Amino acid sequence: MLRIPVKRALIGLSKSPKGYVRSTGTAASNLIEVFVDGQSVMVEPGTTVLQACEKVGMQIPRFCYHERLSVAGNCRMCLVEIEKAPKVVAACAMPVMKGWNILTNSEKSKKAREGVMEFLLANHPLDCPICDQGGECDLQDQSMMFGSDRSRFLEGKRAVEDKNIGPLVKTIMTRCIQCTRCIRFASEIAGVDDLGTTGRGNDMQVGTYIEKMFMSELSGNIIDICPVGALTSKPYAFTARPWETRKTESIDVMDAVGSNIVVSTRTGEVMRILPRMHEDINEEWISDKTRFAYDGLKRQRLTEPMVRNEKGLLTYTSWEDALSRVAGMLQSFEGKAVAAIAGGLVDAEALVALKDLLNKVDSDTLCTEEIFPNEGAGTDLRSNYLLNTTIAGVEEADVVLLVGTNPRFEAPLFNARIRKSWLHNDLKVALIGSPVDLTYRYDHLGDSPKILQDIASGNHEFSKVLNAAKKPMVVLGSSALQRDDGAAILAAVSSIAQKIRVASGAAAEWKVMNILHRIASQVAALDLGYKPGVEAIRKNPPKLLFLLGADGGCITRQDLPKDCFIVYQGHHGDVGAPIADVILPGAAYTEKSATYVNTEGRAQQTKVAVTPPGLAREDWKIIRALSEIAGITLPYDTLDQVRNRLGEVSPNLVRYDDVEEANYFQQASELAKLVDQEFLADPLVPPQLTIKDFYMTDSISRASQTMAKCVKAVTEGAQAVEEPSIC
């Protein structure tokens, strides 16, 4: 197992050997034979004893070892005997040698593990009944399996003061066994050197040295990798036991990455959200917003239909009354008098149902909140608005040019991939835009969009770096396209991507042009033919406007005529609901089986974990019921039929967990030459500059008290939200 050089891992200066991230297969002639309890196994040179054992299905106990972290070798729980060797060895750190016979269950191995476990438990408080890790604790499981049935420790146990590292992670450091997983995660994966050890021997402690908030958008992952109960979730504390909850596999919609998650529920309530393994998207990590914003699902919810009365106040009503009012308006208008805006958390089923509904009244004014330039290729070519290299593809790149984006807070798991490749490979990163605090070193080329013109013409110094690259990537943030010169920026990036693709001589399957989206619904909406941006609605104000989860504030009441009838359909009383004449309560992503498409064009499904609150219903069902009352019944009654319709409109939307290869980059580049737009003098400034801007970006996270505490802790310090411990 390759160790990351200490200097590089801790302060990010040196480079570790190539090939750590994605290794190629080894020729059979180079394999060596070893034996695990007498069973032969062929492994690559450099394979550790632990990896060789796992290859034959033999699980070796461990605390400090983690597959995605560097090897520490400090817990000693993985000690095994090597036949004819004088001493037991640490399986996680010892490379195998040809002909070794590894004895995993010999008396010597058992005695060594028992001794290690005895030392680990010597200072452990043994407070399992009040520990949130109970039931899913490695220390519990391994002490039961490999430990002794009695203790010889009679002395007093040490006690360690708990650290306040913010409103998300609860620390009970007396339980800590100094495995250093959290420290290695912080420095290697998160790229934040906030955690470390102080003292030595019995006085060693893990903490931040100077008490401060753990400033990372990935901080919650240290809860998952902690093998004991030293680091647990503050919002989840004392709420449920793991065996009491029902687990539902789903996906996250807090950003456009589409991280795979597990939703744990009990009695119809979301108790917590955990990561689910997906090697091509989020590996086994999730962002803090994904993990902790679930309390926003319980607050500010729309649970019953509402209508605005004669006094201008919103009052509760029945579904029949609300739908009848909207149906009456729908029957009164047609064509451009009817329009719709889709928000950032809307699923593909609702998008296609709304599209079909408006098409029934001869309207095609269907817009998204996010802008995407229509000039040039616009959204006609799918490759023009996708992360074509894919998220995992970053690990193969040797140069990445970031334009107008801060991936650390717009797409934390994509940023973690960039850091992973930068740390283990010779990845060079450059940024055009406002300087931001990324978790890797980068060359800041400036913040003017005119730099793109210089690079495209070959007059910029960085042009040489791009042309010399073997697998270059250009990543354009969708936030840069919200500007008035968005078309010029997109055209310049398209031109750069095409030129360096030719210069690099990369294989045809390597894609250079990439768009990094910020919201979960955008790609599906563009696939279904929605118009990006609301300019069409501003120019031709409708008489009837549907806001489908539109809470981005892209349009206000002042932008519309006084007689415009607004229908809001969504799950939170956020920005869109207060301006509506009728409110139709919808279901959140944990309450429906729905399709979302991430920034790389991968379709995935959420699953029903809990039922919608009150009288709320799934969005496509509401639209289907409305169509029937309006006398323009949509031709589907079940979810499967809606998905069949999805497949008719855009087949890639029902090819789940598959990234359809996008092409026509040369055509897009040629069309980009037709764009006649000047660059603005304004600098490229991403909307999420600091971690404070990361926590509250949509209707769910804005309703979350936990996310509000995070913002307060960042601005005022962790002590501002300190809560008294109850254990």
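Positions of Cβ are set from backbone N, Cα and C atoms, glycine also.
Residues CYS64, CYS75, CYS78 are recorded by Swiss-Prot as [2Fe-2S] cluster binders, and the candidate that the same record lists for that site, out of CYS53, CYS92, is CYS92. Same-site candidate for [4Fe-4S] cluster 1 binding, as annotated by Swiss-Prot with HIS124, CYS128, CYS131, chosen from CYS137, CYS179: CYS137. Between the candidates CYS226, CYS367, Swiss-Prot assigns the [4Fe-4S] cluster 2 site shared with CYS176, CYS179, CYS182 to CYS226.
Taking the recorded positions LYS84, HIS124, LYS499 in turn, the residue surrounded by the fewest other Cβ atoms inside 10 Å of its Cβ turns out to be LYS84. Secondary structure at CYS226 ([4Fe-4S] cluster 2 binding site), as computed by DSSP, is coil.
Relative to HIS124 ([4Fe-4S] cluster 1 binding site), the recorded positions with Cα atoms inside 10 Å are CYS176, the candidates having been CYS64, CYS75, LYS84, CYS176. Other than CYS64, CYS75, CYS78, CYS92, the residues of this chain whose Cβ falls within 8 Å of the Cβ centroid of the [2Fe-2S] cluster site are, in sequence order, ARG62, PHE63, TYR65, ALA72, GLY73, ASN74, ARG76, MET77, ALA90, ALA91, ALA93, CYS179. Across the fold, the C-alpha of CYS64 ([2Fe-2S] cluster binding site) and the C-alpha of CYS179 ([4Fe-4S] cluster 2 binding site) stand 5 Å from each other. Taking the mean position of the Cβ atoms of HIS124, CYS128, CYS131, CYS137 as the [4Fe-4S] cluster 1 site, the remaining same-chain residues with a Cβ inside 8 Å of that point are PRO125, LEU126, ASP127, GLN133, GLY134, LEU139, GLN140, ARG175, VAL228, GLY229. Annotation for CYS128 ([4Fe-4S] cluster 1 binding site): same-chain Cβ neighbours under 8 Å, separated by at least 6 residues, are GLY134, CYS137, GLN140. When the Cα atoms are compared, CYS182 ([4Fe-4S] cluster 2 binding site) and LYS499 (N6-acetyllysine) turn out to be 43 Å apart. Listed binding-site residues: CYS75, CYS179; maximum Cβ neighbour count within 10 Å falls on CYS179.
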